[in-house]
Amino acid sequence: MRIIVGMTGGSGALYGVALLKALKELNIETHLVVSTMGEYVLDHETGMSLEEIKSYATVFHRNNDLAAKISSGSFKTDGMVIVPCSMKTLSTIAHGGSDNLLTRAADVVLKEDRKLVILPRETPLSVIHLENMLKLAKMGVRVMPLSPSFYHHPQTIGDIVNAIVARTLDQLGIEHHLAKRWGE
Ligand SMILES: Cc1cc2nc3c(=O)[nH]c(=O)nc-3n(C[C@H](O)[C@H](O)[C@H](O)COP(=O)(O)O)c2cc1C
């Protein structure tokens with residue numbers, strides 16, 4: 001499998017890091033692109049540099065490289081996950097903008113009718129945010145708000161993060177044993 005992972009400037013960089021690590025463990029090819037604010041929040045929230053996160057991805061693309069492979073529909077992928085997804089990137093995608101590689105890659109995934117999974121983070125949500133999510137959901141985009149669950153009794157932040165990553169892998173149809181399922 002080949003999955004594009006986008007990380008933007010919404011809070012929750014840890015989720016993106018954990019997803020990349022999980023995909024690497026599963027030997028899945030990843031193409032990573034990080035927005036400028038994604039890089040800032042990554043450093044702010046985790047102390048991790050771009051160099052460090054690059055090591056978890058199979059291929060890293062600069063966000064201003066609009067000529068990268070993932071910019072073209074002819075480059076086949078099995079979908080894209082954007083985590084965390086800021087309201088700005090959500091809005092750009094919902095309006096068909098392709099102002100950087102991350103939003104162009106998402107636009108390509110949509111036009112090619114491939115799987116797009118976004119994990120937006122903001123609170124409270126304005127009508128604009130909600131309408132943008134509804135628009136994408138109507139197109140088949142999987143909208144997974146970064147709202148952690150507690151019914152599985154998480155003990156650590158890692159447990160909380162892994163539960164979200166597990167549900168994300170489910171959406172991509174990837175088998176995993178990252179978190180217990182209800183009833184297990
Ligand atoms: C520490 C920090 C946390 C932020 N958290 C969020 C957030 O949770 N959701 C959001 O939509 N924007 C958040 N922002 C603002 C975005 O980073 C900003 O709107 C940016 O333009 C997003 O651009 P991007 O989508 O290209 O990364 C945050 C900014 C900072 C500095």
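For all residues, glycine too, the Cβ spot is worked out from N, Cα and C.
FMN is bound by G9, G10, S11, S35, S86, M87, K88, T89 in TrEMBL, and the record lists one more residue there from R121, R142, R167, which is R121. Over the domain 'Flavoprotein' (1-172), the average per-residue pLDDT in this prediction is 97. Listed binding-site residues: S11, S86. The one with the lowest count of other Cβ atoms within 10 Å of its Cβ is S11. The secondary structure of K88 (FMN binding site), as reduced to three states from DSSP, is helical. On a Cα basis, R167 (dimethylallyl phosphate binding site) lies 16 Å away from R121 (FMN binding site).
Neighbour density around each Cβ, counted as other Cβ atoms within 10 Å, peaks among the binding-site residues K88, R121, R167 at R121. The separation of Y151 (dimethylallyl phosphate binding site) from G9 (FMN binding site), Cα to Cα, is 28 Å.
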